[in-house]
C-alpha cells in the first residue's frame with residue numbers, strides 16, 4: 001500500500017482520508033413487554049463497528065463488500081461523519097483531524113434512496129439546490145452553467161425537463177449524484193448506488209463515478225449542448241441562442257472489455273471544475289457500499305474493502321484480492337464473479353473463522369504506520385486546503401426562507417388537482433352550513449341560539465380543517481429535512497419559518513372565502529365591516545390551528561399516531577371553548593383553548609353593538625334584551641379591547657405551539673444521522 005503516498009499528478013499532493021479505530025455502539029433493541037421493567041433494567045449496547053481502520057486517496061474508487069448486517073452503511077456513515085451517537089475513533093485528512101462541518105464541505109453523501117422533491121424537473125431541482133450549495137457570490141449565469149455541465153456529465157440531457165417522479169430509477173440515481181456534485185466535492189460516499197437498478201443503469205452509475213475519480217478535465221458546455229439546438233428559456237427568462245459558441249464535447253472510448261454491454265451508450269464527458277472551487281487540481285475519491293455487484297461493475301472499482309461482523313477483514317487493490325484468497329487456500333474458480341466468491345467465502349463458517357481472521361491480521365499489519373514520512377510533509381498543504389474550503393459563504397438566512405417558500409408553493413401548484421379536490425370539499429361544507437342556518441332572521445330569542453351555533457361551527461370548521469390538514473407534514477418530510485439540514489444545505493429555522501409563512505396566505509384566502517358563502521345568507525344585514533373583522537379573526541384562527549396541527553405532527557414520526565393522539569387535545573379544547581360548559585366554573589383553563597378565543601371574538605363582534613332583542617309575550621320564559629347580556633350568558637368578556645385581545649392571544653398561542661414544535665423537530669433531526 002505504498003501507493004498512498006504518491007502525488008496526484010494534478011498539480012499538488014494527493015489528499016488522503018484515513019479513519020482509525022472506529023467503533024460504533026447502539027442500544028440493544030431487545031425489550032420487555034413491560035415499559036416499567038425496560039426503564040429499570042440496565043441498558044446494554046451492541047457494537048456495530050469494531051476497530052475499523054483504513055484509508056482512501058484521490059483517484060480511488062472503493063467498494064465496500066459484505067453480507068447483510070456486516071456494517072457497510074454504518075462504516076460509510078462513520079467515515080463521512082454523517083453518523084450520530086456513540087462513535088469513537090479518528091478521521092483525519094493527510095494527518096489532520098477532521099471536524100464534522102469540515103467533512104461536509106469537502107465531501108458528499110449519496111443515500112441509498114433518493115430524497116428530493118418529486119414535482120420538480122431535473123433542471124429545476126439542480127438549479128434550486130445550486131443556490132444553497134454554491135457560494136453566495138456566484139452569479140445566476142454561473143449556476144446555470146454548472147447545472148448544464150452536471151446534466152450532461154451524468155447523461156440527463158434528454159431528461160432535463162422531465163419531472164423527477166417520472167424518471168427511471170437509474171435516472172433518479174444519476175440526478176442524485178449530480179446534486180452531490182454541485183459543490184465539486186473531493187470525496188464521494190455512496191450507499192448502495194446500484195440498488196433497484198437494472199444492469200445497464202447500475203453500470204452507467206458506477207462508470208460515471210469512475211470518470212470522476214480518474215479524470216479532471218475542464219469541460220465547459222453551453223446550455224444548447226445540454227438542452228438541444230433549439231432556443232432554451234432559463235428560469236430567469238433569458239434565452240440561449242442556438243449554436244452560439246457551442247464547443248464540441250470530447251467523448252471517451254469505451255473499454256474493450258465492456259463494448260458488448262455498452263455498444264449503444266455514448267460515454268459521458270468529464271465534469272467542469274467550479275471557477276471558485278479549491279478542488280480543481282484534484283481527482284476525486286469515491287467509496288461505495290454495494291450489494292452483489294456484477295463482474296462488469298466489480299472490475300470498475302480500483303480497491304475493495306471486505307467487511308464481516310463490523311470488522312474490516314481486507315482492504316487493497318481489486319486485482320490483488322484474488323491472490324490474498326489464493327494464498328489462504330481459497331482458489332477463485334474460472335468464470336466466477338469475484339465479488340460473489342469473496343462474500344460466499346466469508347459467509348462460510350470455515351472461511352469466517354480462518355480466512356476472515358488471517359485477512360484481518362494481514363490488513364492490520366500492512367496499515368500499521370501507513371501515514372508516516374511523505375504524508376506528514378503534506379499536512380501543511382491539507383491545512384491550507386481546509387482554510388480555503390472554510391471561506392465558503394452560504395446564502396443569507398432570509399434568502400433561504402424565500403427560496404424554501406418558493407419550493408413549497410411550487411409543490412402546491414404542481415399538485416393543484418389534489419388541492420382543488422380538497423378545496424371543493426371545503427366549499428361543500430360552507431354551502432351546507434349556509435343552507436342549515438339560512439333561516440336566521442331578525443333579532444329574536446331564537447336568533448341568539450342560532451347565531452351562537454353558526455359561529456361555533458365557523459370556528460370549529462376553520463380550526464379542524466387547518467390543524468388536521470398539516471398533521472402529515474413532518475412525518476413525511478423528516479427524511480428530507482434531516483438530510484438537507486444535516487448536510488448544511490439550509491438551516492432548520494429557515495425551513496420552519498418558510499413552512500409557516502407559506503400557510504399564511506392560504507389561511508386568509510380560505511378564511512374569507514368560507515365566511516363569504518355563509519355571510520351572504522346569514523349575516524348580510526350587519527354590513528361589510530363586520531364581514532372584514534369576522535374574516536380576519538377566522539383567518540387568525542386558521543393560522544393558530546396550523547400551529548396546533550404542526551405541534552401534533554412533530555410529536556411523533558408517524559402521521560397515524562399524530563392523528564390518533566389528537567383526540568384528547570381536541571376534547572379538552574372543545575370543552576373549554578365556551579359552548580359545552582360555562583367556562584367560569586373552570587377559570588384559567590379556558591385560556592388554553594383555541595376555540596375560546598375564536599368563539600369569544602366572533603361573538604363579541606356580532607353582539608356588542610346590539611341594544612335591543614325582541615322578547616316573547618310569555619313573560620315566564622327568560623329574556624335576553626341586549627348583546628351584552630348574550631356575551632355575559634356565555635361567560636364572554638365585553639370590554640372594548642376584547643376583540644383585539646383575542647386576536648393577539650391567538651397569535652401568542654400559535655407562537656407557543658411553533659416554538660414547542662420546532663424544539664421537537666430539532667430533537668428528531670439531531671437524534672440520528674443523516675445518511
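All residue numbers here begin at 1 and follow the chain in the order shown.
Even glycines carry a Cβ here, placed using N, Cα and C.
Applying an 8 A CB threshold to same-chain residues 6+ apart, the list for residue 66 (ATP binding site) reads 72, 306, 307, 308, 343, 346. According to Swiss-Prot, the feature ATP binding site maps to 66, 67, 68, 69, 70, 71, 72, 73.
Marked as domain 'ABC transporter' by Swiss-Prot on the basis of sequence analysis: 34-261.
Residues or ranges marked as region 'Disordered' in Swiss-Prot: 229-249.
Averaged across the topological domain 'Cytoplasmic' (1-419), pLDDT for the predicted model comes to 74. Among the features that Swiss-Prot reports, topological domain 'Cytoplasmic' is placed at 1-419 (among others), with the record citing a curator's inference.
Here the topological domain 'Extracellular' (441-460) is broken down by DSSP into helix, strand and coil counts: 16 helix, 0 strand, 4 coil. Taken from Swiss-Prot, the feature topological domain 'Extracellular' applies to 441-460 (among others).
Here Swiss-Prot flags 482-497 (among others) as topological domain 'Cytoplasmic', drawing on a curator's inference.
Among residues of the same chain six or more beyond the topological domain 'Extracellular' (519-531), those with a C-beta under 8 A of the stretch's C-beta atoms are 434-435, 437-438, 440, 451, 454, 605-606. What Swiss-Prot lists as topological domain 'Extracellular' is 519-531 (among others), and the listing cites a curator's inference.
Annotated topological domain 'Cytoplasmic' per Swiss-Prot: 553-568 (among others), in sequence order.
What Swiss-Prot records for 590-644 (among others) is topological domain 'Extracellular'. Residue counts for the topological domain 'Extracellular' (590-644) by DSSP state, with H, G and I taken as helix and E and B as strand, are 27 helix, 0 strand, 28 coil.
The topological domain 'Cytoplasmic' annotation in Swiss-Prot covers 666-675 (among others) and rests on a curator's inference.
Beyond the transmembrane segment (420-440), the same-chain residues lying 6 or more positions past its ends with a Cβ under 8 Å from any Cβ of the stretch are 447, 450-451, 453-454, 457-458, 461, 465, 469, 510, 513-514, 517-518, 520-522. Residues or ranges marked as transmembrane segment by Swiss-Prot on the basis of sequence analysis: 420-440 (among others).
Feature annotation from Swiss-Prot assigns transmembrane segment to 461-481 (among others).
Counting same-chain residues at least six beyond the ends of the transmembrane segment (498-518), those with a Cβ under 8 angstroms from any Cβ of the stretch are 400-402, 404-405, 408-409, 412, 423, 426-427, 430-431, 433-434, 437, 454, 458, 461-462, 465-466, 470, 473, 531, 534-536, 538-539, 541-543, 546-547, 550, 658. Swiss-Prot lists 498-518 (among others) with the feature transmembrane segment.
Residues or ranges marked as transmembrane segment by Swiss-Prot: 532-552 (among others).
Among the features that Swiss-Prot reports, transmembrane segment is placed at 569-589 (among others), with the record citing sequence analysis.
Annotation source Swiss-Prot lists transmembrane segment at 645-665 (among others), citing sequence analysis. For the transmembrane segment (645-665), the residues of the chain that approach it from at least six positions outside its boundaries are 474, 478, 481, 492-493, 496, 500, 536-537, 540-541, 543-544, 546-548, 550-551, 553-555, 591, 594, 597-598, 600-601, 604, 637, judged by C-beta separation under 8 angstroms.
Helix, strand and coil content of the topological domain 'Extracellular' (519-531), in residues and according to DSSP, is 8 helix, 0 strand, 5 coil. Least crowded of the binding-site residues (68, 73), judged by neighbouring Cβ atoms within 10 Å of its own Cβ: 68. Note: the ATP site is recorded as 66, 67, 68, 69, 70, 71, 72, 73; in the same chain, 289, 307 also have Cβ atoms within 8 Å of that site's Cβ centroid. Taking all protein chains in view, 17 other C-beta atoms sit within 10 angstroms of the C-beta of residue 67 (ATP binding site). Considering other CB atoms within 10 Å as the measure, the emptiest surroundings among the binding-site residues 69, 71 are those of 69. Beyond its flanks by at least six residues, the topological domain 'Cytoplasmic' (553-568) meets 467-468, 470-476, 478, 660-662, 664-665, 668 of its own chain at Cβ-Cβ distances under 8 Å. Sequence-distant contacts (6 or more apart, same chain, Cβ under 8 Å) of residue 70 (ATP binding site) comprise 307, 308, 309, 310.
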